[in-house]
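J.: Take this structure, written in structure tokens, and hold onto it; I'll ask about it next.
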Amino acid sequence: MLALVLWSSGAPSVLYPIYAQKWGLSSAIVTLVFASYQLALIVVLPLFGNLSDQFGRRLVMIWGVGLIAASAIAFAIAPNVSFLFLGRVLQGAGSGLAMGAATASLVENNTTGNARFASSLATVSTAAGLTVALVLSGVFARFAPMPLFWSYILLLALTVCAVIALVLTPDDRPTLTHKWRPRAMRLLPELRLSFSLATLSVSLAYCAGAIFLSLGAHTIGQFAGTSDTALVGALLGCSSATIGLTGLFLARVRPHVALLVGTLLTLVGLALMAAAAAFGSLGMFFAWCLVGGAAYSFAFTGGLGVINQAAPVRHRGSTLSLLYLIAYILQAAIAIGMGALATASTLGTAVGAAAAALAGLSIVVLVLSYIDARARRRP
């Protein structure tokens, strides 16, 4: 399920330069299209973040996949940029319903006895979905007729398979339920420190990913002087493949250690990102792909592991939804800000500003990690 969610979110990334050329879109419009996904999540998560706690993980995931299927249709038939916005909004709404429920389901159905396994599997699943989406989108766009069509038809077919698989799984609705109504998201007081640390770690991964996915294809085109979408998809796929390969080994790493390593690697990745933009170096960009992928894996897995350990089952769905909400707000802000800067000045200026902002966020995560470590040592 998590693989499908990330597949849907990553499917348009390689195609943004084609859309921009076809319809004359600026960098600001492209990043607005990208960020409309996050903006939809920002609306859906506060209103419906507790749905899976009330109606069960399975049913909410089915609803989410249905919206993702609708988004695939919108992209496949898109005659203008308005349909891109519609598709991204539907993707965001579907992901908002499915992601929190799927992550909670992973934790609750973990039979390995290793509490860190669920977080590691979530990382590997999302990376696998994103990698395949990026590579196949590039290949379809390069070699298939109707390059803006086939990747979404494949996504639509996968959503149908996912719904069938979910329908065949046991019903997991709670036996005692109250009438559901939208409720304000609440955080248990005892979770504040763990939640802040976990949320900012996941946000760090998401913000770096936003830069990569929203402007990565455009950046490769500038540095390499090519519009070969198969090459672009392969290069972007290297980063997400690194996320997945790194995630395979993180089930044995304590969440707080993974989080710390992820933050430090993010700082290295940000330096490579800024250098790649400053010197127009494809080699540095590729190094950023690899280091940034490993950083994402450590930071995302560590953040989820921290909150999965701390949150009680009854509040896990809503707590994870709140975490994702904040992460997506920050991701949308960084994507929109970068697009505006890239349009108003240069891509290098936008990347440098984003690197500085994320470096500041990394320092905050390191400080919170130190405070949390001291709190856990107290008797």
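Our numbering is plain: 1 for the first residue shown, then up by one each step along the chain.
In case you wondered, yes, glycine gets a Cβ from its N, Cα and C as well.
Pulled from TrEMBL, these are the listed features:
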- 1-377: domain 'Major facilitator superfamily (MFS) profile' (DOMAIN)
- 25-48: transmembrane segment (TRANSMEM)
- 60-79: transmembrane segment (TRANSMEM)
- 85-107: transmembrane segment (TRANSMEM)
- 119-143: transmembrane segment (TRANSMEM)
- 149-170: transmembrane segment (TRANSMEM)
- 191-217: transmembrane segment (TRANSMEM)
- 229-250: transmembrane segment (TRANSMEM)
- 257-279: transmembrane segment (TRANSMEM)
- 285-307: transmembrane segment (TRANSMEM)
- 319-344: transmembrane segment (TRANSMEM)
- 350-371: transmembrane segment (TRANSMEM)
J.: State the residues, same chain only, that lie 6 or more residues beyond the ends of the transmembrane segment (119-143) and have a CB under 8 A from a CB inside it; answer 'none' if no residue qualifies.
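T.: Distant contacts of the transmembrane segment (119-143): 1-15, 18, 103, 106, 150-151, 154-155, 228-234, 236-237, 240-244, 246-248, 250-251, 255, 293, 297, 300-302, 304-305, 308.
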J.: The transmembrane segment (257-279): which same-chain residues, six or more beyond its ends, come within Cβ distance under 8 Å?
T.: 197-198, 201, 204-205, 208, 211, 219, 223, 250, 285, 287-288, 291-292, 294-303, 305-306, 347-348, 351-352, 354-355, 358-359, 362, 365-366, 369
J.: Looking at 25-48, 191-217, 285-307, which one has the highest count of Cβ pairs under 8 angstroms to the transmembrane segment (350-371)?
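T.: Top-ranked stretch among 25-48, 191-217, 285-307: 191-217.
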J.: Tell me whether the transmembrane segment (191-217) sits in contact with the transmembrane segment (285-307), defined here as at least 3 Cβ pairs under 8 Å among residues 6 or more apart in sequence.
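T.: In contact, yes.
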J.: Check the domain 'Major facilitator superfamily (MFS) profile' (1-377) for me and report the mean pLDDT.
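T.: Taking every residue of the domain 'Major facilitator superfamily (MFS) profile' (1-377) together, the mean pLDDT is 85.
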J.: Short question: which residues 6 or more past the ends of the transmembrane segment (149-170) have a Cβ under 8 Å from it?
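T.: For the transmembrane segment (149-170), the sequence-distant neighbours (Cβ-Cβ under 8 Å, at least 6 residues beyond its ends) are 1, 4, 7-8, 11, 15, 58, 61-62, 65-66, 68-69, 72-73, 75-76, 133, 136-137, 140-141.
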